[in-house]
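Asks: For reference, the structure I am asking about is given below.
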Amino acid sequence: MSPGGLNLLYLPPFSIIARFFITALIFLNLEFLFLLYQAFNKEFYLTPSVHVFTLGFMASTMIGALFQMLPVVAGAVIEDPLKKATFVHIGLTLGTLFLVYGLYSFNKVALLGLFFLLISLLYISSLMLYKLLRIKNLRDAPRGFRFALGSFTAGIILATFLVLNLFGFINLNHKYLFDLHMSFMLFGWTATLVASVSFQVIEMFFVTPPYPKFISSYLPKTVFTLLVLKVFLPNFSLIDVFISLIFTIYAFFTIKLLLRRKRKIKDPLISLWYVSMTFLIISCVLFPFRENLFYLFLISFGMFVLSVIMAMMYRIIPFLVWMHLSTKGVPKAPTMFEVIPQKKMWNNFYLHIISIFSLIFLIFKLYFLPPTFFLISSLYFLYNISKGVLVYVKHIKRAQSPSTSNIV
């Protein structure tokens, strides 16, 4: 076990997280291209646009990260991970493409996308849950993964009902299903998983004090319990207020811990965490009023997710490149800070901030400008992460390792 309590004995192949992260960033660029296309055509399709981001970008990133974190952080070993990851990766990618196209054109090809997503996502979420539930005495981070995966599974099932409802196969209350699906996916899955991961990585990577136990131990289970209550009490608005309050407290404590870090050097990733937590707080303020401020809520939550994933990818890829090369005994392995130079991270941070400020152009109905700025930022993001992955490939090939065939 080391560093930071990581179990390196079960380190899965680097290609798993690399393919999920690269795919996620390709989808991120497709999202902004899609928004740009809609802006020039003076149209806007909310549902397909949202799902390019939530499935293509968010889910690809988080599932790829969990393939890495379950065995290393929780000791929950997934046997033959490369084959399982390939199956999930193909299903998620094809499912997202078919679903988004079907929703955009109101074509029943969306059902094919739903099929691919169901078999891949329900398979991996149930497998990961099973592996985590078998382990006793888990630390707070992997214990939180359980509740996040439970919410993810619930969100997938609710999404199935929504698609079937949309195409007339069943007749259920769409507003009720939609609100539950959104709540489970955004707060039960995404925000809870981000929080759970941060319980591990904030202290380890940024040398901060640990999170208070009342947050790290109780946040995931409390949020999950509130969401289950929401299923039976959909009109009890205080549930949304409590969920918002919990994540607001979490965000403030995250900022507080980062301000108390031992290394007081400027770091673009810490700046991204500050931006992310700021938008999480804004999202929490808007969540109880989302019916009247829905687009503001979605944008703020999207900025929270985009900022935190940028911060995590820029730390995870260099760390894993260094870790894998070091454990393989590759000579002259680069340090974490050589894999992706910090100057490039700062450049991407500034592009990201400019993109966020460009959202003000929406007020003046200049709808093409924000996706243009975000596309430039996300292309640079993809370039940097790809270069980081290629550092690993180059060093492995140079060392002529027998495991080269497992890299790509």
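The backbone N, Cα and C atoms fix where each Cβ goes, glycine too.
Look at Swiss-Prot and you will find 15-37, 50-72, 87-104, 111-130, 145-167, 180-202, 236-258, 270-289, 304-326, 347-369, 374-393 tagged as transmembrane segment.
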Asks: Which bits of the chain, at least 6 residues beyond where the transmembrane segment (304-326) starts or stops, bring a Cβ under 8 A of a Cβ in it?
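Replies: Sequence-distant neighbours of the transmembrane segment (304-326): 8, 11, 14, 17-18, 21, 24-25, 28, 57-58, 61, 65, 68, 190-191, 194, 197, 201, 205, 268-270, 272-273, 275-277, 279-280, 282-283, 333-337, 339-340, 345, 348-349, 352, 381, 384-385, 388-389, 391-392, 395-396.
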Asks: Grab the same-chain neighbours of the transmembrane segment (50-72) for me: Cβ-Cβ under 8 Å, and only residues 6 or more beyond its ends, written as numbers and ranges.
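Replies: 6-8, 10-12, 16-17, 19-21, 23-28, 30-31, 34, 78, 81, 85, 88-89, 92-93, 95-96, 99-100, 103, 117, 121, 124, 128, 131-132, 141-142, 145, 149, 185, 189-190, 193, 197, 200, 298, 302, 305, 309, 312-313, 316, 320.
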Asks: With pairs fewer than 6 apart in sequence excluded, do the transmembrane segment (270-289) and the transmembrane segment (15-37) have three or more C-beta pairs that lie under 8 Å?
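Replies: Output no: the transmembrane segment (15-37) is apart from the transmembrane segment (270-289).
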Asks: Could you check whether the transmembrane segment (180-202) packs against the transmembrane segment (145-167) - three or more CB pairs closer than 8 Å, residues at least 6 apart in sequence?
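Replies: Between the transmembrane segment (180-202) and the transmembrane segment (145-167), contact is present.
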Asks: Given the cut-off of 8 Å on Cβ pairs that are 6 or more apart in sequence, determine whether the transmembrane segment (145-167) and the transmembrane segment (111-130) share at least 3 such pairs.
Replies: yes
Asks: Using a Cβ cut-off under 8 Å, which residues of the same chain at least 6 positions beyond either end of the transmembrane segment (347-369) come close to it?
Replies: 36, 38-40, 44, 268, 271-272, 275, 299, 303, 306-307, 310, 314, 376-377, 380-381, 384
